[in-house]
Ligand SMILES: Nc1ncnc2c1ncn2[C@@H]1O[C@H](COP(=O)(O)OP(=O)(O)O)[C@@H](O)[C@H]1O
Ligand SMILES: Nc1ccn([C@H]2C[C@H](O)[C@@H](COP(=O)(O)OP(=O)(O)O)O2)c(=O)n1
């Protein structure tokens, strides 16, 4: 099966819209592979935090991105053999990832690694530019969103459940800032492509969203 014929579902959208949750559940239902592209940017950010490399040194960050020693195993993540599953989920890491993600060399260094996840029988992947840049020929492209207030509530609940300290007002401000940074950058901005289905999940349950994505996928195969 050549790579172009391997089905891909892309789920792009702003922070805490539910992309990762929905993508993982859809991948499980279809027995497809799953790629959390945001985790790659977060791993670069974590490497910067841990090594205090200058986050404006684009070439140094591109080297880090190119040589990430990462292992994805179900829902856990190892960087250089160390479990960083929760360490990358802090808002500090998410914010730095968003700042670093504006750099062309970092994005270029992660592109082939992301595309290598396209393996039989198929791939479900979430991020900001999966349908617009990484997999432009994806079988189904979804833009998943929700109100900023709902997304702040979801992220707050999620972080507290992970034992990570959080403040709802700070989270809401972080979400507004991250939304603006990710959608106004020059390179690979977060946007709904013309061939992309909009799914506003503000008032939908996880199950309703998963069922809608599966319905859309079955309708376009
Ligand atoms: N439709 C939904 N309704 C309520 N909670 C949701 C919904 N979708 C996702 N969540 C929850 O919101 C939180 C953030 O979801 P996540 O998948 O991490 O978002 P993203 O990957 O877009 O940042 C998770 O705790 C998840 O369980
Ligand atoms: N495909 C992607 C994925 C993430 N990024 C950047 C921009 C995002 O704010 C950060 C973190 O992404 P991530 O999806 O982990 O963030 P959320 O879980 O949506 O809060 O990385 C990107 O530029 N392109």
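Every residue gets a Cβ built from N, Cα and C, even glycine.
Curation does not apply to TrEMBL; its annotations are automatic.
Now, the feature entries from TrEMBL:
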type	residues	note
DOMAIN	9-218	domain 'Cytidylate kinase'
BINDING	13, 14, 15, 16, 17, 18, 19, 20, 21	ATP binding site
Candidates near ligand 2 among the binding-site residues 13, 17, 21, judged by a Cβ under 6 angstroms: none
Cβ-based neighbourhood (8 Å from the centroid) of the ATP site, residues 13, 14, 15, 16, 17, 18, 19, 20, 21 excluded: 22, 126, 144, 146, 151, 154
Sparsest Cβ surroundings (other CB atoms within 10 Å) among the binding-site residues 17, 21: 21
DSSP three-state assignment for residue 17 (ATP binding site): coil
Model confidence over the domain 'Cytidylate kinase' (9-218), averaged pLDDT: 96
Other C-beta atoms that fall within 10 angstroms of the C-beta of residue 15 (ATP binding site): 25
Tertiary neighbours of residue 13 (ATP binding site) (same chain, Cβ under 8 Å, six or more apart): 19, 126, 128, 142, 143, 144, 145, 190
Packing count at residue 19 (ATP binding site) (other Cβ atoms within 10 Å of its Cβ): 27
